[in-house]
Amino acid sequence: MAGLVHNLNLELSPLGSSHAVQAFSSALRLKTLPIHIDWVILSLACFTALYSFLAEPITKLFIRKQWAAFTDKQRADWKLRVVSLAQSLLLGPASLYVIWLQKTQWQDRSLIQRVFEYYEPETHITNVAIGYFLWHFAMMIKEFDRHGMQMIAHAVIGVVFLGGVYYPFTSSMTAWFLVYEVTNIPHNIYKFLIPLGKGVSPFSIANAVVWIVSFLFIRIIWGTYATYMYLSDLFALYNSSMTVQELGRDEWEMVQHLQKKGLEPSAVRLLVLVWCTTCGIILAGLNYLWFVLIVKTFIKKVSSRKVSPGEGQKTQ
């Protein structure tokens, strides 16, 4: 690990957590996890503290009377939304910024670089996301009777899918999908307005329009394109062997370059291809389904000017 850290110009975690996960990371070949584990732990701790200690007093600063009238269920849901909004405000804009940074670099990156190179900005936002999903997983276990298995599966898939960045594997592409969190900003605002009795207010309608438009452009149009580009690279590597004859001299030289840095570019295995393809297709399909349901809910709300607390779909 010391050689890898030296080659990547990084340092082991200052809290000493690197040694605690060394065996785990070695077993799963997650070579850069020990470098980033402190940030994952910090992210998890921050989201836990926000839910347990900060969400309620922050809320009382703005809606003390309404909070006093909330049921225990409403309070728990509200605090979940506070954390969800916080991570959306962090990950959404950060992912947009990383994608903007990539715009001049992406064309210069080879196939091998796009899939196996280590990219620090992308990995840092993934640290925050994994910390959030670990917190989310714990909360869904705690409140299983209210949220069910689907939300637990959502958290598990999020951790496993994003965890590949520590191989590193497709770390350059994680921002493409974390940018989906931008759409959860108006979504959480919508959820906040319902218990306040403002689900059909002019502001709520305007917020819903922003939600629909952002969902269309980010999750449907951009998401479809990103999924296609992501899977195209994986299929291209699966259909070629790790040889100079198959990859071409330039790509083969990049393989050797990354190996000298301590990284391990390799052919994409069938199981990995099936997993990534399944996750990509399911996520894209869910986005299309959610978009239809959001539009239907919006049309119903506008036409009837009445919304019930149970309406709306979870999109995170």
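Note that Cβ sites are derived from N, Cα and C of the backbone, with glycine treated the same way.
Just so you know, TrEMBL annotations are computer predictions that nobody has curated.
Annotated in TrEMBL:
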type	residues	note
TRANSMEM	39-59	transmembrane segment
DOMAIN	73-303	domain 'TLC'
TRANSMEM	80-101	transmembrane segment
TRANSMEM	151-169	transmembrane segment
TRANSMEM	205-231	transmembrane segment
TRANSMEM	270-295	transmembrane segment
At a threshold of under 8 Å on Cβ distances, which of 80-101, 151-169, 205-231, 270-295 pairs most often with the transmembrane segment (39-59)?
80-101
Long-range Cβ neighbours of the transmembrane segment (80-101) (under 8 Å; 6 or more residues past either end):
47, 50-51, 55, 58-59, 121-122, 125, 128-129, 132, 135, 139, 175-176, 178-185, 187-189, 191-192, 316
Contact set of the transmembrane segment (205-231) with the rest of its chain, CB cutoff 8 A exclusive, min separation 6+ beyond the ends, reads 170, 173, 176-177, 179-180, 182-183, 185-187, 189-190, 193, 276-277, 280-281, 283-284, 287-288, 290-291, 294-295, 298, 301-302, 315
